[in-house]
Amino acid sequence: MAEVLDLEFPVWGLLPKKETGVTSFLNKYPEYDGRGIVIAIFDSGVDPGAPGLQITSEGKPKVIDRFDCSGAGDVDTSTVVEAKDGIIQGLSGRKLRIPPTWQNPSGSYHIGIKNGFDLYPSKLKERIEKERKEKLWDPGHKRALAEATRKLQEFEAKISSPLSNEDKLIKEDLEAQVDVLNTMEKKYFDVGPAYDCVVFHDGHMWKACVDTSEKGDLANCRVLGEYSKTQDFTVLTKSDQLSYSINVYNDGNTLEIVSMCSSHGTHVASIAAAYFPDCPEKNGAAPGAQIVSLTIGDNRLGSMETGTALVRAMIKIMERSGPNKIHVINMSYGEHAHFSSSGRIGTLMNEVIDKHGVVWVGSAGNHGPALCTIGTPPDISTNSIIGVGAYVSPDMMIAEYSLRQKLPGMPYTWTSRGPTIDGDFGVTVCAPGGAITSVPNFTLRNSQLMNGTSMAAPHVCGAIALLLSGLEKQHLKYSPYSVKRALENTALYLDSIDCFAQGHGLLQVEKAFEHLTQYHSQPERDVRLHVSCGVSNSKGIHLRGGLQDRPKDYTVNVEPFFADADNMDASKKIDFGMKLVLSCNESWVQYPSHLDLMNMARIFTVRVDPTGLPHGVHFTSIKAFDVGCVTKGPVFQVPITVVRPVEIPRDKFVPELTFTDVLFKPNTINRHFILVPDDATWAVLRLHCKDKDKSGRFVLHTLQLRPKMVCKTVECHKMLNVTAQADVVQGFSVKGGLVLEMVVAKYWANIGEVVVDYTLAFHGVRPEGSSVTMQGADGIMSIELRSGLRCEEIAPVITLKNTVQVLRPSDSKISPLTSRDVIPPARQIYELQLTYNFHIAKSTDVTPMNPWLSDLLYESEYESQLWMLFDANKQLIASGDAYPCKYVVKLDKGDYVIKMHVRHEKKELLDKLTDQPMLLSQKLPNSLSLDVYASQTQATTGGKKMVGATLPPGHILPFYIAPLANDKIGKGISVGQFLSGTITYAKDEIGKKVDTYPFKYVIPEPPKRTNKSPESKDKEKTKWDEYNEAVRDLKTSWLAKLEAGDQATALYEELSTAYPDHLPAHTAMLQCLDSSEHKTNLPLLEMVEDMDSALAKTYNKIISVADTVINSVNQTVLLAYFGIKSDNRPDAAKIRSSMERQKQALVEALAKKGCALCRIYNKKESGDGPKALESIDMVWREVLKFVDATDSKAIYFSMWHATLNRHYGRALKMLLKLGEDKPSKELDEKITEIARKLGWTHWVYYFESALPVRFPPSYRPF
């Protein structure tokens, strides 16, 4: 029998709209499709070139404005130039030809430079890096390596041993070519292209051109006007397909290139408002709405939002008023905050809603299935933001996820659940949380499946655009508050679904519209009724701590706040009044029956009696109805959540809970609330599948709430595959005395049923404190451990992994920002910029952090913090913000600069931070361990270390920690720094893994070194002699710093006359005559036509002074000394020091003499060429007797020697070595020059194109 195929694809499930009534609403009101409504997308940026985002259903532009509020796309274009003969020189050094078609009445051009990779999202950057390597590097590199290898093999076959000195050098050069090619293949790192940017005013508007040709061919590069005026955009290159547009600020001094930091924002915008005239089933919820793209994700941070970006985005909202008003915001972004009662960002969010009347929609978060996992926003100080949870419908399961079985509709397992920690709903409504729709063109695909509350929020946002479109058409008034109440009171509550995931229920558009039209003139329409409960002014009542074994009374404060209160007619405030009846469907809540509300705060008392409730979580709310119109639903609610935990009896022999024969279906969620025993510090969950042939994909989510701390503080979130073959064991940390929520859930898309047994066992080795700080100078430290649950095996281990350096700012500056950082009408924002300098002695991982502001974003009283880390050449290496744990940076040896900015409109708050320290955590090369002892005596004498011990229940056991030995502390670690790591107490492997505590070791002052051989001092030396030596040494040190000239010569003659045998005086003169800068020491590849007589005189002087040093050192004695294996003489240290000084002076003199001879030889017609070259070779071989060719004092001479002999491989090898230690533009330019000589064009492009990126003219702006 032939198989019957279902050829009707369920396209309605790809971008679902039926479930919430969007489809039926548009069928009923086709003109209320979002027309006249503008949606602001706070996200990663919207691609105006993506499918469905070109026009609205009326043919108007879809994306009408684009801004990168983060600053990641900013280009400093404050350099102003004028064209000469139609050409300007860009900051890259390229000549840019101005097309004659450009109109620029002023003739002035603002120029800047931008790294193309700065504009790329991470995935696109990976693709382009791969393509560039395959196209620009690999072909040339493979050819060059094959050719170099062939030449080496031919030479080796041609020349027989023994090799002459000349042949040895040739072979060494050929080997060096192969080596450097292989080395560069391993170290290849593409920093990306550098694009010159040109900004000019054409008499009407600012325009900009980005030279993506990298050749100065501006005629073939697109000129863009400001997007808000022209809707101009183009792609950066044909390969990347990254759409970008521009804005110009600060009179042309700042160019903002607007791209995207991920595909997220475009997907979100498409769900809200995409329009496909030929395929209406692919339309977003509001195809007639227009979009303003406000990028809050910072590309420097991956796509993390920053305070700067959020505030700038809100300023853009405030600036648009009247006919240009933004009606609704979608923000599918957010973090978890420690508290929501205050914070600079939240305050401004309230201002946008309250004063400017904008409806704000936010995603609830994807951190479920545990309760109290709502993100910020929507969880801010008020409940004004519409929080959206994610729902998956049966049609979505088939169309989007290709499930083999259609299941009932449900919330996703991962959608964040309410209540908020302070008791509010958290989730207002739920909506479809997945869609297959448009993504940016740079992904090289037209659509993609994404899921999350990030997808549910724009569905609601688009639906609100439909509602507002209809209200605007009917000239009916509304406010953010009336819209939110309409959604709440008309949502479809799904009895089979967790109330904490759905809020008031599944969004219903038609009913919400009926509600808004029918009740548009109610007295509370423009009023937010703010509810605050208890002494902490929480947004609801949330009883979670303890056993809840007694009734509790709460005062509830209800206060009306009027929309745009400052501009509201006073009569409306005077006339406002409502007679309310209060209702609650639960008998364990006692409350008053009525409340008379007017324009003032009203207080009433609520009693919650949880004593008769079963164990678990219970939710209800007190609803306030208008006695004059009950049908419109509650005007406000007081949410009440009570958690009654299970208590493990104290007399129970083993602190365990067992759950047997538990049936799990897809999305079965079992919540257990347990009061953790006081002495517990970790727990172990063991899951066993009872069905032999079945398995399941499970989510384990455990969470404990601590006051004023983020919900992730004490948490475990794991995906587990449970099979019958073996039990699954998972340990996690717990905090004694707090209620633990343990959620065991079967993942929503995991088809089939499975029966599982699981056991939760508590363990505990409880220390005195949750963190330990040990002062190294205090000597031995003792810690007491207690076990109150069961007999535990202990084996304390202390591991120190990082050293933490305290950095003080070398510079601080507070300044007012530009016009885009002024909150309307005239609230100026200031910026504090701090500069920190530090040195890395050895390659390591570092993490910068500001302890004052770390882990605070939405709840911070400061607007923003962002740091950028630069190398010594001003190249941006890394960036970070409020969450330091996210930003671990690999740094090589060298000097670095951190610039950090903090913003606020109150300058006096920034004044407090001008000397704010920054902590720099550096990973140690090898972790250190502190020795642990069972007794004070053993710790004091350094005796037997503690291996382990048994700790019976109820007993206290002390152990002792000895300080680090001085030889274990690294040389670069100084007073003021400390070592950080962890301490574990349990011997059990699971406990050791999850029950860890932070440990700090404060480094004491190091012991002072004393001269062990006082008898070796010259006892005959008088104070006068010491004075004369000090004067001599001071003059010598200054001689090295002086510029060559008459004064330096006079000082040298004075010193050499008075101290003819004092080698440092001669080497100081050499340093004076021959600077150590790269640009003056690097070899020249071509003969010079003529040499300045002063230079020739200097070179001869160098040779003369060098000969003085060379003749003063007995090289035979020196070589003999360094040839011996050991020196056992009593004054061996003094002799070695003397010999080392002579050796260093000799090598420096030989090298500088050799360089001078090379420079003289390099002059055309310089005389006896072969003889001079032989002299140079002789000096070079003298150098090699004492040091390698790559020694820091000899390397420049070695390079000169190599280039004069046309040994470019040797020269390259040494240049690359120099570049590792101290990179510079001059080195890279010389590498390019030599690569061109070798015909390695791929090297030439690689180094030349990287120069503007690696050596920018200035620090990157914030």
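A Cβ is built for glycine as well, from the same backbone N, Cα and C atoms used for every other residue.
Caution: TrEMBL annotation is automatic and unverified by curators.
The domain 'Peptidase S8/S53' annotation in TrEMBL covers 34-505. Here TrEMBL flags D43, H264, S454 as active site, charge relay system. Positions annotated as domain 'Tripeptidyl-peptidase II first Ig-like' by TrEMBL: 527-643. For 664-752, the entry in TrEMBL reads domain 'Tripeptidyl-peptidase II galactose-binding'. Taken from TrEMBL, the feature domain 'Tripeptidyl peptidase II second Ig-like' applies to 788-973. TrEMBL lists 1015-1083 with the feature domain 'Tripeptidyl peptidase II C-terminal'.
Looking at which of 664-752, 788-973, 1015-1083 has the most CB pairs under 8 Å to the domain 'Peptidase S8/S53' (34-505), the answer is the stretch 788-973.
Between the C-alpha atoms of D43 (active site, charge relay system) and H264 (active site, charge relay system), the distance comes to 7 Å.
Each residue contributes its Cα atom, and for H264 (active site, charge relay system) and S454 (active site, charge relay system) these two points are 8 Å apart.
In this view, S454 (active site, charge relay system) is surrounded by 28 other Cβ atoms within 10 Å of its Cβ, with every protein chain counted. Figure note: comparing Cβ neighbours within 10 Å for the active-site residues D43, H264, the maximum is reached by D43. This prediction places the mean pLDDT of the domain 'Tripeptidyl-peptidase II galactose-binding' (664-752) at 95.
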